[in-house]
Amino acid sequence: MARDKFERSKPHVNIGTIGHVDHGKTTLTAAISATLSQYTGKSKKFDEIDSAPEERARGITINTAHVEYETDKWYYAHVDCPGHADYVKNMITGAAQMDGAILVCSAANGPMPQTREHILLAKQVGVPYIVVFLNKADMVDDEELLELVQLEVQELLEKYDFPGSEIPFVAGSALLALEAVANNPTIKRGEDKWVDTIYQLMDKVDEYIPTPERETDKAFLMAVEDVFSITGRGTVATGRIERGKVKVGDTIEIVGLRETRNTTITGLEMFQKSLDEALAGDNVGILVRGIQKTDIERGMVLAAPGSITPHTKFEGEVYVLTKEEGGRHTPFFSGYRPQFYVRTTDVTGTIAQFTSDDGSTAEMVMPGDRIKMTAQLIHPIAIEKGMRFAIREGGRTVGAGVVSKIIE
C-alpha cells in the first residue's frame, strides 16, 4: 500500500464554495468530488453534502460538509455549507480558514444579493484568492450573454478589491457533469464536454491558488496560557505555538496588557523533556531570562520581535448569536461593554458604534444580526487584521468576530 504515502506528500489546500443560494454550490461540490474520485476512489453524493452535520466552532453551531478530493498537484479539503447563515458563521468564526474559494454564479441569472454578500465577506475575512464558475451554462445559448454575466461578476469582484480581470472564469454545468459521471463512472477527460468543464475549473484552481504558506514559515507567536516559576531556573510560560518556530537562545518579545519587553529563551520543554526547537502546533513550556513570574500573565503573547504590536481599538465583523444558539435574548445598544475573548484571555471593551453589514447605520443590534463594529479595549493586547475573537458576557459567548481593521 504505497499509495497512502503518496497522498500525504501533496500540499494540503483548504477551499470552499461561495455564492448565492440555489446557484449550484452543493451540486458543484458533488460534481468535483465525483469527477476527481478516480484519484481517491471515493466520492460524496449531493444529499450527503446537503445534509451536513452540525459542528461547533467557538461556541457556535455551524452546519458544514467536508469533502476531500485531489488533483495531480494538490490534496483539497473542501467545505460546503448548506445554509446561508452557516456560511456567514463559518467565515466569521474561521471554522474553516480558506486558502481560496470557488465563487459559483448562475450564468442564467447573473450575480444576486448573496453573490455580492459572499464576495464582501470573503474580502473582510481575508480569503486571498477566488476562482469563478459560471454554472448552468447549458441554459444560456448566447455567448454574448455569458460574456455579459462574466463582466458583471468581474465588476463586482473589483468593487471589493479582488483583481477581477486576472481571476479565472470557467463556464459549465455542474448538474450535467454530475449526471454524466453517474451514468459512466469511468468517464475520462475529453469524453464529455460538461465533465471537461469541471476538469478545466480544477486546472484553474491548481494554477491560480498558490501553495499556502506553512504555519512554521511565519513569524513565531505563542499565546501565554499559564505561568510558573521554577526555583533556581526562572520563569516558564506555557501555551500552544500558533505559528512559526523558536529555538533556545532566540530573542523574543512579550506583548500585550503592559509595556512590550524583550527576553531571551533559555530553555524549551515539552512533555517534561527539553528540546532545542519547537514548531507551530507544539504545546510547550518556554523558560525566559530575567523575567519575574509577576511580569508575565495569561493573555500576553510571546512573539518574534517586531512581528505583532499591542492595540486597544479596532474594527471587526461580528456575528451575534441567536437566543437558540445560547446568545442574548435581548438587543444591545451603542456603549455595550462585554468581554472580548482573544486567544487565551478576556479583555473588557466597549462597542462604540456599529453598522449593519450592508453599511446602513443600526440603532441597536438584535440576536442573529451580522454587524460591523468599532471596539475600544481597556487594556492593549496583541491583535492583528484577520484575527478571530469571541464576545462574551458573564462567561457565555454572545458573538463571534474577525478583526477587519486596526485603528490604534
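Each Cβ is built from the backbone N, Cα and C atoms, and glycine gets one as well.
Of the listed segments 80-83, 304-307, 396-399, Swiss-Prot assigns region 'G3' to 80-83. As stated in Swiss-Prot, the feature region 'G1' covers range 19-26 out of the listed 19-26, 35-42, 187-194, 243-250. Checking Swiss-Prot for region 'G2' across the ranges 59-63, 204-208, 234-238 points to 59-63. Per Swiss-Prot, the stretch carrying the note region 'G4' among 43-46, 71-74, 135-138, 347-350 is 135-138. Taking the Cα atom of each, Thr26 (Mg(2+) binding site) and Cys81 (GTP binding site) are about 8 angstrom apart. Other Cβ atoms within 10 Å of the Cβ of Lys25 (GTP binding site) number 26 in total over all chains. For the binding-site residues Cys81, Ala137, the ranking by surrounding Cβ atoms (within 10 Å, all protein chains) places Cys81 first. Within the chain carrying the region 'G1' (19-26), a Cβ under 8 angstroms from the stretch's Cβ atoms is held by residues 46, 49-50, 65, 80, 82, 84, 103-106, 109, 111-115, 118, 135-136, 174-175, all 6 or more beyond its ends.
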